[in-house]
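Asker: Quick one: the structure is below, and I'll ask about it shortly.
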Amino acid sequence: MAFNIHNRNLLSLEHHTTRELRYLLDLSRDLKRAKYTGTEQQHLKGNNIALIFEKTSTRTRCAFEVAAYDQGANVTYIDPNSSQIGHKESMKDTARVLGRMYDAIEYRGFKQEIVEELAKFAGVPVFNGLTDEYHPTQMIADVLTMREHSDKPLHDISYAYLGDARNNMGNSLLLIGAKLGMDVRIAAPKALWPHDDLVERCKQYAEESGARITLTEDPKAAVKGVDFVHTDVWVSMGEPIEAWGERIKQLKPYQVNAELMKSTGNPRTKFMHCLPAFHNSETKVGKQIAEQYPDLANGIEVTDDVFESPACIAFEQAENRMHTIKAILVSTLADL
């Protein structure tokens, strides 16, 4: 069956087929190789891309900007402090303005409904750079990274996600694994599992792709024999420091530490994290938490010994944000 990603939105990956996702992965690989060998060709000259950031960002902003510049496109960075978004102008009206000036729009912010409203009214492709519910651009980078660090085909790769699984990373890792036929394991307290409706949809995708989906409250059972262990921060951006107490109580058994990595029984297991990571107390937030919870001074969701070990491929993963976002831009906007 033919497919066409040109001028398509990227909002959650739900509307992308397995074949389309594999195409994005292959294009990411090819563009990465071209950048490394100095043979990259610019396909986006004359394109203008708006980057809306209602949440702060390091990797997503840098990845979009460098990817666009490499391909000859121009970008405009827009945040709440430098625009009328949400203050004097609705997202609906913002979409109708920006859609007349730009060839595409990236949005990083809060509710999924906001990026969907933006896509509905902009009239140009919209890319979800992160919402509370989904993180699709991160997923393409994560799977590319897993493929680079495994000699197995995708359908034989297994990975576990530990921690708050109802957040954008838990939802998205479940979704893309189900779409690509992978062995996906989610380990979290039942109260923090992905919502039932998403789980049911992913089970349907798994029936089509051959994926294996496991949800469990047992972290050691989840990681047994896996190729990759993923985690994320226990409190998401924008949540108050007061929320940490209950979350730490819930998630301490799901901390990725040396004991947990050993319990995989696989010496080749790699550790992945979308970053930023609280793996020590050298950050402002890490220091605040360590003062209240001294046993977390050497790491919250992941301990420093794991993060600084050869098993950690989080920085390769971070670099791949740029290559995969470039593939998304090129496949959507270029005439290939």
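Note: Cβ is positioned from N, Cα and C throughout, glycine not excepted.
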Asker: In Swiss-Prot, the residues S57, T58, R59, T60, Q84, H135, P136, T137, Q138, C274, L275, R321 are said to bind carbamoyl phosphate. Which of R29, R33, R108, R247 is said to bind at that same site?
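Answerer: For carbamoyl phosphate, Swiss-Prot names S57, T58, R59, T60, Q84, H135, P136, T137, Q138, C274, L275, R321; of R29, R33, R108, R247, the listed one is R108.
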Asker: Starting from each candidate's C-beta and looking 10 angstroms out, tell me which of the binding-site residues S57, Q84 has the most other C-beta atoms.
Answerer: S57
Asker: Looking only at S57, T58, R59, T60, Q84, R108, H135, P136, T137, Q138, C274, L275, R321, the residues listed as binding carbamoyl phosphate, what is the longest Cα to Cα distance in Å?
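Answerer: Value for the max Cα separation, rounded to a whole number: 30 Å.
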Asker: Check the Cα distances from D232 (L-ornithine binding site) to each of the binding-site residues S57, R59, H135, C274 and keep only the ones within 10 Å.
Answerer: C274
Asker: Which of these binding-site residues has the least crowded Cβ, counting other Cβ atoms within 10 Å: R59, H135, R321?
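Answerer: Looking at the binding-site residues R59, H135, R321, the Cβ with the fewest others within 10 Å is that of R59.
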Asker: For H135 (carbamoyl phosphate binding site), what is the secondary structure state per DSSP, taken as helix, strand or coil?
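Answerer: Assignment for H135 (carbamoyl phosphate binding site) reads coil.
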